[in-house]
Amino acid sequence: MAPGRPCAAGLAQFCQKLKRQKPLEDSAMETSLQRCLSTLDLTLLGVGSMVGSGLYVLTGTVAKEITGPAVIVSFVVAAVASLMAALCYAEFGARVPRTGSAYLFTYVSMGELWAFLIGWNLVLEYVIAGAAVARAWSGYLDAMFDHRIHNFTEAHLGVWQVPFLARSPDWLAAGIVLLASAFVSCGARVSSWLNHTLSAVSMAVILFIVVLGFILARPSNWGEAEGGFAPFGFSGIMSGTATCFYAFVGFDVIAASSEEARNPKRAVPLAVALSLGLAASAYILVSAVLTLMIPWHSLNPNSALADAFYQRGYGWAGYLVATGSICAMTTVQLNGLFCLPRIIYAMAVDGLFFEAFAYVHPRTQVPLLGILVFGALTAVVTLLLDIEALVQFLSIGTLLAYTFVAISVLVLRFQMASQSGSPSLTGSSLRAKEYSSFSDHLELVGAGHGPEPGRLRPALRPYLGFLDRGSPGAAVRRAICGLVVSAVALGCVLMLGHSVLHLPLWGFLLLLLCSGVTFLLSLLVLGAHQQQCLKDTFQMPLVPLIPALSIVLNFCLMLKLSYLTWLRFTIWLLMGLSVYLGYSVWHSKENWREPPGLVTARHAAFPDGRLEETAQDPGQAPAQGPGSP
């Protein structure tokens, strides 16, 4: 036996730990959290997360600087693009009704290491988002008092000139975070009630803005005299779409709250659809009245709505707009602090984060320690750090999570359905999937009756039978890998071909053709195979088309971010990798799971004292050493 074999076997076993997936038990509805959220609660959680300061700031900024009145078209296209990602979350949230959002979805379909990195990324995303919203809340309130709070702080504490630190500490913003954390720690019912109240006020203000705005509308403001409906052309509309896309970030809070939903199979997909529809309607209608009240070039990007009413002689309406803005930002703050501890809780329950964060308070039934610790951490970040330098982390983190969820949907659809009928994503042998890799987890079992996911459609077998010649599921595995690689290549060519790579026209067209053809062929191969069809659970339509388009869109938007954002993001991921290798991989609950029926390793002793690690099937006779009968 080669001397290096035991070391190689140990390395292989360690690599298997990185690729193992989390099986879902039949008791997926059992939870330590309180299942008390209705469809209305989840819908308002989603609306409160999406309709925030963006409605009062983003609409004016995009209309003034990027699109003109065509901001309406940008919001429509952005809503459709967001719907593709939202449908992926809705399918997983209904089928896997556990807290954890993109982290859990990745864990059950793509493996532990990827799941940890997504969860690690979500933690940073929610901390920075909470700090950014608190700063916006504080700045809006400070502006109502002529910046007296800010001036008082700088006069008594001075101005800091330290990299990555704010100009001065924002005590008001930090206090807002701590107060919101206190409300969230009181339980899901209290958080839901407060969210209902604030969302009702915010929606009433939006309705007032729309009604009064249409009364004051002047259609001539969209006329040629003011530059027309789309003064920046098609390119302006597309640039505006990329910015408006982030206005709809927030529906993932619904999937993260599915473990506290009364009937997640019905409530989660319905709440995702309703909340995205309401948010899109609000953004489109407000954009329309804003550009109809006054010419788009006269907008004040910092306070467009309040200034528009002031220019039309309705200055008193600005106070109502300010009230709605503060209520909207408060709901975003509450929902972010509601979701963050539940991501931490899901990771702690799985053993990938410190076990203390898995504690659930017996009376309020919330992950109390996670709320207190990460609420305090968010407050410190809000108080001290320069949020503007970190805010682009929100974009890259969100888009990466969307991408992994879209890939996970493709994986889910072409896996063998569980014979037990549970929401497990595994095949007929649940245990055999435990240590599978991303390239192997589509291994399909040929036994069974009726249509089998991952198998070629019967009508196409006479024509495409060569796709079934390899191992079961091999064509699907290659198609998914080809789809992801071609989507990345397509995004690079479209976004970097001219501006960064400076490709000649023939080179650009050649790469575009190659990546586009590979993408389409991968789609066709997947479409030629059968999918899982579950009648009792929501499944998104047009798979694999919608997840594939979502992957391309997400990657294109990620490439629009600066190289410094990518550099900081890489450093953060390396920090997460060190945490995973130093703690998580050794404390994972999957270490305790002994998978009976899985191919196990045993050591066979030989007379010369060597140990050989052999594979043994449960039904196979024990391996014998040399000279054994």
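Each Cβ is built from the backbone N, Cα and C atoms, and glycine gets one as well.
For 39-58 (among others), the entry in TrEMBL reads transmembrane segment.
Annotation source TrEMBL lists transmembrane segment at 70-92 (among others).
Among the features that TrEMBL reports, transmembrane segment is placed at 171-190 (among others).
Outside the transmembrane segment (197-217) by six or more residues, the chain places 44, 47-48, 51, 55, 282, 285-286, 288-290, 292-293, 305, 308-309, 312, 314, 317, 320-321, 323-324, 327-328, 330-331, 334 with a CB less than 8 A from a CB of the stretch. What TrEMBL records for 197-217 (among others) is transmembrane segment.
Sequence annotations record features per position, and here TrEMBL assigns transmembrane segment to 267-296 (among others).
Positions annotated as transmembrane segment by TrEMBL: 316-345 (among others).
Residues or ranges marked as transmembrane segment in TrEMBL: 366-385 (among others).
Beyond the ends of the transmembrane segment (391-412), by six or more residues, the same chain brings 84-85, 88-89, 91-92, 95, 101-102, 105-106, 108-110, 114, 118, 121-122, 124-125, 128-129, 132, 246, 249, 252, 425, 441-442, 480, 483-484, 526, 532, 540, 543-544, 547-548, 550-551, 554-555, 557-558, 561-562, 565-566, 568-569, 572 to within a C-beta distance below 8 angstroms of the stretch. Annotation source TrEMBL lists transmembrane segment at 391-412 (among others).
What TrEMBL records for 479-500 (among others) is transmembrane segment.
Sequence-distant neighbours of the transmembrane segment (506-528) (same chain, 6+ residues past either end, Cβ-Cβ under 8 Å): 410, 414, 456-457, 460, 464, 467, 475-476, 478-480, 482-483, 485-487, 489-490, 493-494, 497-498, 544-545, 548, 552. Look at TrEMBL and you will find 506-528 (among others) tagged as transmembrane segment.
Marked as domain 'Cationic amino acid transporter C-terminal' by TrEMBL: 538-588. Here the domain 'Cationic amino acid transporter C-terminal' (538-588) has, by DSSP, the following mix of helix, strand and coil residues: 40 helix, 0 strand, 11 coil.
Taken from TrEMBL, the feature transmembrane segment covers 540-563 (among others).
Positions annotated as transmembrane segment by TrEMBL: 569-586 (among others).
Counted over residue pairs 6 or more apart, the CB atoms of the transmembrane segment (39-58) and the transmembrane segment (479-500) come under 8 Å in fewer than three pairs, which marks the two as apart. Here the transmembrane segment (171-190) has long-range neighbours at 33-34, 36-37, 130-131, 134-135, 137-138, 141-142, 149, 153, 257, 260, 330, 333-334, 337-338, 341, 361, 363-366, 368, 371-372, 375-376, 378-380, 382-383, meaning same-chain residues at least 6 beyond its ends whose C-beta is under 8 angstroms from one of its own. Long-range neighbours of the transmembrane segment (267-296) within the same chain, counting only residues 6 or more positions beyond its ends whose Cβ lies under 8 Å from a Cβ of the stretch, are 37-39, 42-47, 50-51, 54-55, 59-60, 63-64, 68-69, 71-72, 75-76, 79, 82-83, 86-87, 89-91, 93-94, 97, 203, 206, 209-210, 213-214, 216-219, 221-222, 226-227, 231, 244, 247-248, 250-251, 254-255, 258, 261, 304-305, 308-309, 311-312, 538. Through the fold, the transmembrane segment (479-500) approaches residues 407, 410-411, 414, 439, 442, 508, 511-512, 514-516, 518-519, 521-523, 525-526, 529, 544, 548, 551-552, 555-556, 558-560 of its own chain, all at least 6 residues removed from its boundaries and within a Cβ separation under 8 Å.
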